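These notes concern the structure reproduced below.
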Amino acid sequence: MTEKMYPPSDDFVAKAHIDAATYASMYQASVDDPDAFWSHEARQRLDWIEPFSVVKNTSFDLGKVSVKWFEDGVLNVAYNCIDRHLETRGDQTAIIFEPDDPETPAQHITYTELHEKVCRFANVLLAQGVMRGDRVVIYLPMIPEAAYAMLACARIGAIHSIVFAGFSPDALANRINDCGAKVVITADTAPRGGRRTGLKSNTDAALLHCSDKVRCLVVKHTGDQTTWIDDRDVDVKAMMAQVAPDCPIRPMGAEDPLFILYTSGSTGKPKGVVHSSGGYLLYAAMTQQLTFDYHDGDVFWCGADVGWVTGHSYIVYGPLANGATTLMFEGVPTYPDASRFWQVIEKHKVAQFYTAPTAIRALMGQGTKFVEGSDLSSLKVLGTVGEPINPEAWNWYNDNIGKGKLPIVDTWWQTETGGHMITPLPGAMATKPGSATKPFFGVQPVVLDPTSGKELTETQTEGVLAIKDSWPGQMRTVWGDHERFEKTYFSDYKGYYFAGDGCRRDADGYYWITGRVDDVINVSGHRMGTAEVESALVAHAKVAEAAVVGYPHEVKGQGIYAYVTLMNDQQPSEELRRELEAWVRTEIGPIAKPDLIQWAPGLPKTRSGKIMRRILRKIAENDYGALGDTSTLADPSVVDDLIENRMNKV
Ligand code: WTA
């Protein structure tokens, strides 16, 4: 990676919320006295029904890991995101909705309208018997109702769990069952890139595997025909028209869960990451304002899906807590053609634009002619998230979208962290392409030696990335399994939160994320556990064994490489390959479909039967020189066979 520095312009710095000197002093204050720092921020940024007296109460000690912030404070998240803005911003647009089809008019939903919609939605939930603490699964496309549903839950103290609309019925059923949801909210069909996905039919299929008490709330979005089960299915829009337009807020403890979001890890099934009401909201709001240098009047566009944490924090909670105008886009970057992002920026005069490197690479591949026709002069800050950005993509973004003038914030964070952890603050730091730069306030990153677990204290160093102390946006637990929470994040390196990423710190103290060091891969900015894909593959009757690893992919960042050993009586064929691809799509969803399947008569295993993934990774990466010691394998000859038959050679 190039180490060239890109400082912000003087003009930008003059208007920015945070300049270099302010960053330095605030950062110091945030780690010297976290209680004073966060107490001040929480009082400034949020409205409390009952003020808190305790600020931070956290422990990273294995066996008694506990994360609590503002624990005796009482507030309501929906109130903070809507009601408190009504007096001053009632007529301001809260949400701009840009539909999949550019011919369909955009919607501008004011804070007053948002208030009414959310209240009505909340009353629909109450009418279904949803109570404080109940779980509500949301399986919706990128439509305003997704935000209404989230905020309606927050209003009445229910806990939402959004399932990305690209997940299969099986994946949906697993999540409904794991969190014990009372209700699932879906839509008839979801248009994306001109095609439609049957979300209601997926939900019907999922509910076959769930308790028959689960109610199904259906948003009739496209009006497409769906099946209807009278005593289970509820027409949300029709009900919303009937219920009262106002709904009182439910006072909630700062530590009451706001939402659960399932995410992939190294092992087992996805875990339900639990986020809090007070600390999470504070952290989402503060990072949205400062990382993007958001100012009143700006139109903010985070291009993620609400099904991922990025959408939670930077489409809904962060921007709305700040009284911002946030854009929700239903479509895809390449429909009707590869100019769509830039057209939307021009149309709505977007000031801050936030996307994933994979989208940039996909658009880069289409050439600059799709950018040239759009007026991008409204832009002030660009952002990226989800995976390391390669220099080509960074330069393309900088040259063509930023016109060489805009700060690019490369934000490193995770579902678990709630908000940005290592990120430039655009008026405070010069950026280096590919580096997430410096920690956000209160975040104390450390680089650890992967084997000894010792902190590497030299400025310039490389190892695994861990965090030394808690921050308000940190996840609180794994839903229903606190032990798994402790084991996953606090047991490898005692006393630290271990992120699962490798990193390098350069001579200027800048952090460079080098990618996951566990069995999690990052496909098109989507996080995927290789174990999940493996268990889907082995669930197929013709598959005896499977091992899945990531490999470098030009557009997706990483692709999914599956080694498959068939049952004795099966022969490899193109047809079977397609059958397995389709199988994984239905088991998990299209995002998990293997990019490459290699037939493997045997997998490299140790004598105790453990699959040597390191070797499989190297073969997938075409890096045979670095296979390391294979002499401990039960049958070293399988490696030769795998190399001989590596996918791109056949
Ligand atoms: C990766 C997404 C490099 C990282 C918000 C992390 C990144 C995982 C960056 C979390 C970045 C995220 N540079 N890598 N700027 N941002 N990652 O939970 O491996 O979907 O652990 O959260 O994405 O993915 P998740």
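Placed from the backbone N, Cα and C atoms, the Cβ positions cover glycine too.
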Note to self: Just to be sure I read the record right: G386, E387, P388, D410, T411, W412, W413, Q414, T415, R516, R527 are listed as binding ATP in TrEMBL. Which of D449, D492, D501 is listed for the same site?
What the structure shows: D501
Next item on the list: Let me know the DSSP-derived helix, strand or coil state of R192 (CoA binding site), please.
Entry: strand
Item checked: Close in space, distant in sequence - R192 (CoA binding site), Cβ under 8 Å, 6 or more apart -> D100, P141, E330, G331, V332, Y335
Notebook entry, point to check: So what's the average pLDDT for the domain 'Acetyl-coenzyme A synthetase N-terminal' (23-81)?
Noted result: 98
Next item on the list: Look up T411 (ATP binding site) in the DSSP assignment and reduce it to helix, strand or coil.
Entry: strand
Next item on the list: Taking the Cβ of G194 (CoA binding site) as the centre, count every other Cβ atom within 10 Å, in any protein chain shown.
Entry: 11
Notebook entry, point to check: Near ligand 1, which of the recorded positions R192, G193, H540, K610 have CB less than 6 Å from any of its atoms?
Noted result: none
Notebook entry, point to check: Distance between R585 (CoA binding site) and W413 (ATP binding site) at the Cα atoms, whole Å?
Noted result: 27
Notebook entry, point to check: Which of these binding-site residues has the least crowded Cβ, counting other Cβ atoms within 10 Å: G193, G386, P388?
Noted result: G193
Check: In sequence order, what residues of the same chain, 6+ apart, have a Cβ less than 8 Å from the Cβ of S524 (CoA binding site)?
Finding: A356, T358, V555, K556, G557, I591
